[in-house]
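A short write-up of the structure that comes next.
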Amino acid sequence: MTLRALCLLAALTLACAQHQPLMEYIERRILSIEDRISAWHDNTNRYAVELREFKQQIVALMETLEKERQGLRNELDNTNTRVERMERELDFLETQNHAPPCVEVDDKLVEQQVRKVKEKNKVKYERLTDCRDMISSIKSMKILKRLGGATGVWAKDPVAQSGEIYVFNNSSGDTLHHFKTVRDFTASAGTSRAKKIKLPFPWGGAGHTIYDGHVYYVKEGQDFQVIKYDLKNETVVDSVVFPAEEQVPVYGLSPETFIDLAVDEEGLWAIYATKENEKNICLAKMDPKTLAIEEMWDTPCPRENAEAAFVICGTVYVVYNTKLPSRSRVQCVFDVRDMVTNDDAPLVYFPRRYSSHASLKYNPRERQIYAWDDGYQILYKLVLKKKLEV
């Protein structure tokens, strides 16, 4: 090593020795900064975790609040429904509190009238059954749901033992909705639980019915063809053009319905009207097997302001829209045996809450009426009594 190199090394060593404190200070500062950066990273991670947990808590609280809000909304809807139902029940109770009769009836005179009517009945339509029931009052009303438009029909098969429900929605269509049970019908959102039955021809009006495993409906069009459709085999069993000329809508408030097919304890009936007897309603007894007309009657019941009608034991009851708010009333009765007249018929009100009844389908096995009122499906439970019962 040269002298010059030795001198340079000595100078460098002396300089390092002089700056040693500064180097140590810088090193300590760097370590301190590294510690602070590490602490900042730890705090940042902790804050991120806490923020994430806080966000999860807020989301959970929002979900809980949304469920509670939905629950409160459902409770309000249920409360509103119960209030409306109570109003309907109050209307119904008002119809049951009739004024007591102020005329005393002579028992002997009544017995004479009964005897005359019984003797008169012996020459009446013998092909009917011995059914002697007539409507006395409406025991209860139950609104099941709202499904469909203002016009429609819903009914059960009175012969079958099952609880299957059939729905004709609207005044025309070709898809019959079939629910296995009433529970399926009420719990279904619309027709989501229904089986769809495609009928071979579209229907017209709201005069259709279900009887003994068959659909009886009126084909859409001006020929007024009655179709008998087998639900099990999904085939048309029979069809017939209804033998009435120049038909007009049977009810003044239901212009879509020209023939109203009805079922009672005695079988199949057709309620209709013609231009020849334009002001009043007509009645026909049909053979459910062949669709043949067995007998026809002209009734004194006017078409004007009539909503719908139903038949019980050979007696047709025509329901009219009254001037009273939320009420329809049986104002005309026609019995094919002349055992019941308008004077004998009881005062029966239907607690109508919406519009006029588009259809009233009597089920003789259940003694209930399946009503369609502005898209609402309603059950009227009836109280019956014997004809000529004093």
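All positions are counted from 1 along the displayed chain.
Heads up, the Cβ atoms here are built off N, Cα and C, so glycines get one too.
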TrEMBL annotation, disulfide partner of C131 among C301, C313: C313
Residue among disulfide-bonded residues C131, C313 with least C-beta crowding, 10 angstrom cut-off: C131
Segment confidence, the coiled coil (51-96), expressed as mean pLDDT: 80
